[in-house]
Amino acid sequence: MSRADPGKNSEPSESKMSLELRPTAPSDLGRSNEAFQDEDLERQNTPGNSTVRNRVVQSGEQGHAKQDDRQITIEQEPLGNKEDPEDDSEDEHQKGFLERKYDTICEFCRKHRVVLRSTIWAVLLTGFLALVIAACAINFHRALPLFVITLVTIFFVIWDHLMAKYEQRIDDFLSPGRRLLDRHWFWLKWVVWSSLILAIILWLSLDTAKLGQQNLVSFGGLIMYLILLFLFSKHPTRVYWRPVFWGIGLQFLLGLLILRTRPGFVAFDWMGRQVQTFLGYTDTGARFVFGEKYTDHFFAFKILPIVVFFSTVMSMLYYLGLMQWIIRKVGWLMLVTMGSSPIESVVAAGNIFIGQTESPLLVQPYLPHVTKSELHTIMTAGFATIAGSVLGAYISFGVSSTHLLTASVMSAPAALAVAKLFWPETEKPKITLKSAMKMENGDSRNLLEAASQGASSSIPLVANIAANLIAFLALLSFVNSALSWFGSMFNYPELSFELICSYIFMPFSFMMGVDWQDSFMVAKLIGYKTFFNEFVAYDHLSKLINLRKAAGPKFVNGVQQYMSIRSETIATYALCGFANFGSLGIVIGGLTSIAPSRKRDIASGAMRALIAGTIACFMTACIAGILSDTPVDINCHHVLENGRVLSNTTEVVSCCQNLFNSTVAKGPNDVVPGGNFSLYALKSCCNLLKPPTLNCNWIPNKL
């Protein structure tokens with residue numbers, strides 16, 4: 001480093017960067033070696049014998065150097081020692097023929113890379129479309145799923161291209177209609193809402209006449225939950241009703257499409273079966289690792305590997321950008337319809353596919369700046385939905401995959417509706433649409449690394465599931481033993497945790513539309529889910545489903561063994577969420593680690609979010625109860641005990657079959673009908689059906 005001449009004194013001022021080239025004097029080191037000796041520069045100042053010193057200085061006024069200026073000196077090789085440019089050209093000419101051709105090809109590809117890339121994609125797309133057409137020509141019914149997926153993909157690709165290129169033009173084209181709608185929306189919205197309400201009332205009246213009154217009970221339960229949310233709202237006078245009504249409306253439309261229309265039901269049923277088939281491939285890895293008898297330890301070696309496999313697939317889809325694309329589309333739909341903020345929409349859409357601790361990572365940079373209502377909505381969305389990684393585990397329990405998939409989709413708008421009613425927005429959101437919709441593709445460098453990271457990241461989840469089940473089931477056994485011991489002091493040893501929950505949650509389960517005799521059983525399942533976790537609840541539900549499928553007696557020693565199909569369906573929707581006290585700690589810890597500055601707000605709103613998430617699941621179950629076309633259980637006592645001659649109708653046959661299955665016959669004159677039926681009803685069924693499983697001659701003639 002060299003400094004300016006101290007004799008030159010100039011005042012400090014802002015200076016410009018300058019590059020000064022000047023010859024340097026030869027050093028003693030150069031004179032000691034004859035090969036590097038130079039003539040004195042004053043006597044011979046030729047470019048070939050001089051060195052160039054580049055010095056970058058900060059120049060002052062009139063180019064004078066300052067005392068405190070810093071100068072950087074870079075010594076370069078003498079010009080005379082540089083290789084002649086002719087040598088470079090000679091090396092260039094010495095390249096081989098193949099190397100020159102390779103360089104030519106690379107240069108051509110660089111110049112025409114856009115055209116080449118477009119050509120390759122066009123060839124691949126043409127080949128794929130040719131395969132789709134050929135598959136449809138061979139067997140259209142078999143190729144229908146591929147055809148539909150192809151059409152949907154092409155539609156969204158074209159849509160994204162048009163929106164990216166002509167979004168402003170489309171917006172300008174539609175702006176006159178939007179302005180016209182805004183001018184008349186004040187009175188038009190009342191016409192729209194009144195028409196919708198009248199249509200719902202008319203539809204419910206006709207549907208109730210067709211399927212029974214239980215569907216009407218589900219509608220009453222939906223209204224009851226909305227009233228409760230409004231009464232206990234954080235700011236009941238500040239409720240913005242658009243997201244509430246639109247959330248329930250989207251729930252209803254999705255449920256109507258899936259549960260009542262044949263194309264929708266067939267599509268989701270097909271998706272459910274494909275998911276089950278896809279999850280079945282987990283058995284190959286489990287069999288290789290744990291051996292042929294891996295099913296002997298069903299949960300550890302059959303269920304938990306599904307979580308690993310599903311986590312791997314989700315990580316790969318996230319690397320490819322497909323998950324982010326789907327989340328953006330679903331979030332955009334909820335944003336434009338419900339009027340929710342971009343942050344809320346993205347997180348609610350993300351919770352359909354990923355867990356309650358992963359979805360906030362989609363908007364991690366914005367969490368310190370969200371409002372309290374938005375933070376409450378983020379937590380509510382996590383409690384009201386389940387993760388895709390555990391969805392496969394619930395399906396493997398034997399729970400309907402169609403209903404689980406439907407519940408996962410319907411719960412997203414329900415969470416937004418409940419959250420905005422239970423904690424209305426009183427501040428102005430700071431995050432815009434474009435900033436919230438930006439999502440990263442992860443830190444994986446290739447697809448295999450993404451798969452490996454997905455499998456590795458599932459290890460804590462699998463360990464957490466296994467550890468929690470061991471702890472909670474052991475705790476449940478202890479609590480039941482303690483309650484039984486306490487109840488025995490009052491001559492009631494039947495006291496248990498399930499019994500207490502059945503009375504606490506029975507009104508809620510009944511108002512969802514569950515049959516009265518099944519409401520206590522569903523209430524027990526809700527208790528398992530709320531105080532332990534949904535794994536315990538779905539495990540008990542799967543046992544009830546298996547007992548029904550086994551067609552055993554519905555009552556054994558006066559104890560009901562299983563539920564109706566309608567009650568199972570409603571219970572599936574009510575349990576489909578992470579709303580439990582175990583998840584409460586997970587959410588508080590996870591969000592606090594992401595946004596430490598919001599720790600106080602997270603802790604204060606978590607309990608309300610847990611309640612809101614639970615009610616969101618209940619409202620989804622109410623929608624399922626309204627739209628479910630599964631016939632409710634027949635009042636068999638009214639059918640069989642009315643004293644009339646029985647006719648061979650579907651209702652009578654069903655009631656008689658249930659009566660035969662629940663009857664205990666030990667011998668002549670020793671027959672006990674099940675379900676509190678009389679011997680008269682049993683005799684009437686015997687005269688009608690002549691069952692092979694029961695000796696009707698054992699029934700006493702004198703009744």
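Heads up, the Cβ atoms here are built off N, Cα and C, so glycines get one too.
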Ranges in play 243-262, 323-342, with Swiss-Prot marking transmembrane segment at 243-262
Tell me if the membrane topology in Swiss-Prot places I602 and R110 on the same side.
yes
Other parts of the chain folded back onto the topological domain 'Extracellular' (139-143), taken as Cβ under 8 Å at six or more residues beyond its ends
132
Could you put numbers on the helix, strand and coil content of the topological domain 'Extracellular' (543-581), residue by residue per DSSP?
18 helix, 4 strand, 17 coil
Same-chain Cβ contacts of the transmembrane segment (402-423) under 8 Å, 6 or more residues past its ends?
226, 229-230, 232-235, 239-240, 243-248, 250-251, 254-255, 258-259, 265, 268-269, 271-272, 275, 330, 334, 338, 340, 344-345, 348-349, 351-352, 372-373, 376-377, 380-381, 383-386, 388, 391, 394-395, 569, 572-573, 576-577, 605, 608-609, 611-613, 615-617, 619-620, 623-624
Find the member of 144-164, 300-320, 377-399, 606-628 that has more C-beta pairs under 8 Å to the transmembrane segment (213-234) than any other listed stretch.
606-628
Proximity of the transmembrane segment (606-628) to the transmembrane segment (243-262), 3+ C-beta pairs under 8 angstroms
yes
